[in-house]
Amino acid sequence: MDSPLSSLSFTNTLSGKRNVLRPAARELKLMSDRNANQELDFFFPKSKHIASTLVDPFGKTCSTASPASSLAADMSMNMHIDESPALPTPRRTLFRSLSCTVETPLANKTIVSPLPESPSNDALTESYFFRQPASKYSITQDSPRVSSTIAYSFKPKASIALNTTKSEATRSSLSSSSFDSYLRPNVSRSRSSGNAPPFLRSRSSSSYSINKKKGTSGGQATRHLTYALSRTCSQSSNTTSLLESCLTDDTDDFELMSDHEDTFTMGKVADLPESSVELVEDAASIQRPNSDFGACNDNSLDDLFQASPIKPIDMLPKINKDIAFPSLKVRSPSPMAFAMQEDAEYDEQDTPVLRRTQSMFLNSTRLGLFKSQDLVCVTPKQSTKESERFISSHVEDLSLPCFAVKEDSLKRITQETLLGLLDGKFKDIFDKCIIIDCRFEYEYLGGHISTAVNLNTKQAIVDAFLSKPLTHRVALVFHCEHSAHRAPHLALHFRNTDRRMNSHRYPFLYYPEVYILHGGYKSFYENHKNRCDPINYVPMNDASHVMTCTKAMNNFKRNATFMRTKSYTFGQSVLASPDVNDSPTAMHSLSTLRRF
C-alpha cells in the first residue's frame, strides 16, 4: 500500500493553499483506515450501521468527524452512562414509591441514546468494542422479584372474583404490556385488601367467599355478588402491604361493597337463605390472564384448604315449644315423650359456627337429666310419730319449754318447768322424769331435790343409763350447785357417748330429751325449800368438808384433763363392761335396745 505522503505529488501547484491540503490529507487517511475496518467486520459482524450526526462540544454542527466526538459517541452507546438500569434492584422493589416513578422500558422498544449517534461508516472510524444491536435487545435473566403471574396464580379466588368491575383501560393495559405487569402488578386498595399478591397481603384476607344471588326487577339476569369474609386472624406485620395500601387507590371495589353495605352488620352476613350460600370452587368460572406459569394454577390456596361452612341465620321468630307442642311437656317423662322432645330440640337448636367448648351433649336433657319440675321424689319424707320422736340434737324440737345459752348447746329449763314435770304436768309426753344431782356426795347428803339421784362422775352416768338403755320415754334433768360447770360438763359427756353409740343410725338417740336446771340447787332451795329432802343446803366450800372437797375436785379435773388428751383404743370399754363392744361402727348388743 502506498504511503499517504506519496499522494501529495499532485499538489505542487497548490502548495500555498493550506485550506485545501489539510482536508485532502484527512480524506486519504480515512480511506486507508476503511480497508482495515473491513477486516475487522469479518470477525465482528455488525447487523446494522446506524448513521447519525455528531454534535460539537461547543454546540456547532460538524460536517466532518473528529476524534473527540467519535470517542464520546462510542462511550455513550456502549456504556449508557446517563441511563438507569432496565430492571429494578431487589432493594428498590421494597419501596413502591421509587419503583413506580422509574419509567420502565418495554420489551419491543428500541433504546435510544440521548446523544446523537455516530455518523455512517463512510465518514467515521468504528469502535473496536463489541456491542449487540439495540433493536434486538431482550431480557433473558430472571427477575429479582416474584412475577405477577405467579402471584396471580396463588391469589385467592374470592379476591379474583372482586376484580370484575375493573375498567376496560386497565384490562387492555394488562394484556398488552406484559413486561410492565411483570414488574409492576396492579394493586388496588379495598376494604378487604384482596387484590394484593399473597406475599404482600395481610393474613386477615379471606380464603373463601359467598355468592349472594339477587333477582332483578324484571326477572331478567341474576346478579352474583361475591363478598370476601375476613377471618379472625391477627394482622400481618408486612410493611410492603401497608405501603401498597397507602400508595395505591382504587375505588371500584369500594363502590361494589357500598351498594350492598346494609347486608353486613357487625361483621356478620344477614338474611342469607341457605340455597344462596355457595362456595366458589369452580376454577374454570374465574377469568385469569394468560401466563407461562400454568403449572402453578393447580396448587392454589382454595385447592389446598377447605372453607368452613356458614349456617344461614333464620329470620323467623323463635317458636315456644311449650306452646306449640304442649304434648312434649309432661309431668313424668315417658320414653316416647323423651324421644320426641330430644328430636325437636336437636333440630331447632342454634349451633354456632365457632364454639370454645366441645361437648358430646348440647343440653342437659340428652344426658337423661330432666328439669326440676319433672323430678319425681323417690324417698318421701316420713311423717310418723316415731320418726319425729328420735331427732338430732342440733335440729331437735324438744317437748319442754326451754332456752339456749352461749356456753354450750344444751337447753336450760326454769324451776317452774321442773316443778310441772315433777307434778305430772307432762305425763302425756314422758313416761318418767329423772333428776341427776352432779354435786359431791357430802353436798347431796346435806340436802337435795326430792326423787333426785346422785351421779357425780362420768363413768357412773354411763353405767346407769347407757349400759342398759331405757326403752320408754324419759326426760333427764342435770343440775349441780349453780349449774355452771359440773352439771354441763357431765351432761355433754353423756350426750357425746349417746351419739357415738348411735352413730350407725344417726340422728336417733337413746335419750334425746336432756336438760339442765337453770340456777342449780342453790336457787331452787331458796325458792322451793319444801321440795327438798332434807330441807337443808350444804355449799361445796363448807369448812367441815375441806379435805373431801379438795380430793373430789382433783379427781373431777383429772378425769376431765385426761379424757381430752387420752388416745382411744378399740376394745377398751368405756362402759366398764366386758359384754359391750365400744367400736363406734360396730353392731353391738346395745343397738338392739332401740326405742320404737
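Using N, Cα and C of the backbone, Cβ positions are placed for all residues, glycine too.
Among the features that Swiss-Prot reports, active site, phosphocysteine intermediate is placed at Cys480. Feature annotation from Swiss-Prot assigns domain 'Rhodanese' to 429-533; the stated evidence is sequence analysis. Annotation comment: Swiss-Prot describes Ser99, Ser178 as phosphoserine, evidence class experimental evidence. Among the features that Swiss-Prot reports, region 'Disordered' is placed at 174-221.
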**OP:** Count the Cβ atoms, other than its own, that fall within 10 Å of the Cβ of the residue listed as 'active site, phosphocysteine intermediate', considering every protein chain shown.
**Re:** 26
Subject >> pLDDT averaged over the residues of the domain 'Rhodanese' (429-533) >> reply: 93
**OP:** Translate the DSSP assignment of Cys480 (active site, phosphocysteine intermediate) into the three-state scheme.
**Re:** coil
